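Chemist: Below you will find the structure I want to go over with you.
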Amino acid sequence: MKQNNTLPIMAGLLGAIIVGLSFLFLKNIVSEASALSILSYRFTIAFMAMTIFILFKIIKVNFRNKPVLPLILFSLIQPVLAFSFQTYGMKYATSSEAGIITSLLPIFVMVFASLFLKESTSLIQKGSILLSAGGVIYIGFMSGVEGESNLIGFILILLSVISMAFYSILARKYSKQFSPLELTFAMMGIGMVMFNFILFVSPDKADFSLILEPYFMLSILYLGVFASVISSFLTNYMIAKIGASQSGVFVNLSTIVSIIAGVFILNEAFYSYHLIGTMLIIIGVIGANMKHANNKSFSNKSNNVIRGIIIKNE
C-alpha cells in the first residue's frame, strides 16, 4: 500500500467498524420506533452535534462564495434517497437479501468511477473488488435467504445501492470544492430537514416519550454522532484522498465487524462459512488498495519481455 494512503485507509477501517457496530444499536430500538422516526432522530442529533462543534470552534466549515446547488444535490442522494430506499426496502426484503445486494456497491462504484471520473483500476484491483463482494454474497447464501424473495424489496435495496454509488462519485468530484467536514455538515443538515418533513407529512408519528429511555437515547446518540457524523466524515475524507473505486470496497468490511460483534456481544453462532467469507473480504480489500504502481511496473516488465521476444525472433 502507498505510504501516503495510510491515513485514508485507517479512516476506511475505522468507518467500517463504526458502521458494523451500528447494527447492534439499531437492533436495540428498531422494535420501539418506526424506521422513519429513527432516521428523523438520528439526523437531528447529528446536525445538532456538528452545529455545537462549529459554534465552539472545535471544527471549521466555510461555505462563503461556494456553490450551494451541488451540496443540495449531493445531500439529497445521500443520505435522503439512499436511506429512504434502504429503509422501505427492508420492509419487503430480508436482511440476508439486503446484505447480498449491498455487497454489490463496490462494483457499482468501480463502474461509475470509470465512466464519470475516468478513474482507472488495475486488473488486480478489479479482481479484488469482485472477490470482496463474493465474500459477502457467499456468507449471505450460506446463511440462508429466509422467507420469500420480493421484487419490490429487491428493487428498493438496489436503488439504495445505486444512490450510494452516485454519492461516492459526487463526493470525489466535490472534494475539490468542499472539505470533507463541509460535505458532512451539508449531509446532516439536509438529512435532518428532509427526514423530519417526511415524518411530519407521513402517517408515522414520533414517540417523544422514548427520549426519556436511556437505552434509546444511547442508541440514537451512537447512530447520530458516530454512525452518521463521524462515519460520513471518514468516508468523505477517504474518497477525497484515494478515490471512489478503492474506497467502495471498505463497505464490505462492516459485514465482518457485524459478524464479530454478533459472536462476542450477542453470543451468535460462528460457522466455517463465516471464516471463509471473512477471508475473501479481507483479501479483496487488501488487493483493491495495493500499490497501483506495482501493477504498472509488472505490466511494463511484461511488455518489455514481449518486445524482447519479438525483436529476438525478427
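Heads up, the Cβ atoms here are built off N, Cα and C, so glycines get one too.
Residues or ranges marked as transmembrane segment by TrEMBL: 7-26, 38-56, 68-86, 98-117, 129-145, 151-171, 183-203, 215-237, 249-266, 272-290. Under the heading domain 'EamA', TrEMBL lists 9-139, 152-288.
Quick one: how deep are these features, and who are their neighbours?
Modeler: The DSSP breakdown of the domain 'EamA' (9-139) into helical (H, G, I), extended (E, B) and coil residues amounts to 101 helix, 0 strand, 30 coil.
For the transmembrane segment (68-86), the residues of the chain that approach it from at least six positions outside its boundaries are 39, 43, 98, 156-157, 159-160, 163-164, 166-167, 170-171, 174, 177-178, 182-183, 186-187, 189-191, 194-195, 198, 228, 232, judged by C-beta separation under 8 angstroms.
With a cut-off of 8 Å between Cβ atoms, the residues of this chain six or more beyond the transmembrane segment (183-203) that come close are 36-37, 39-40, 42-44, 46-47, 50, 54, 61, 71-72, 74-76, 78-80, 83-84, 171, 174-175, 228-229, 232-233, 236.
Sequence-distant contacts of the transmembrane segment (272-290) (same chain, at least 6 residues past either end, Cβ-Cβ under 8 Å): 1, 5, 9, 106, 122, 124-125, 127-136, 138-139, 142-143, 242, 245-246, 249-250, 252-253, 255-256, 259.
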Chemist: Test the contact criterion for the transmembrane segment (215-237) and the transmembrane segment (7-26): 3 or more CB pairs under 8 Å, pairs 6 or more apart in sequence, then answer yes or no.
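Modeler: Yes, these stretches are in contact.
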Chemist: Which one, 7-26, 151-171, 249-266, has the most C-beta pairs under 8 Å toward the transmembrane segment (129-145)?
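Modeler: Ranking 7-26, 151-171, 249-266 by Cβ pairs under 8 Å to the transmembrane segment (129-145) puts 249-266 first.
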Chemist: Which bits of the chain, at least 6 residues beyond where the transmembrane segment (7-26) starts or stops, bring a Cβ under 8 A of a Cβ in it?
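Modeler: Same-chain contacts beyond the ends: 1, 38, 218-219, 222-223, 226-227, 230-231, 234-235, 237-238, 241-242, 247, 250-251, 253-258, 260-262, 265-266, 289.
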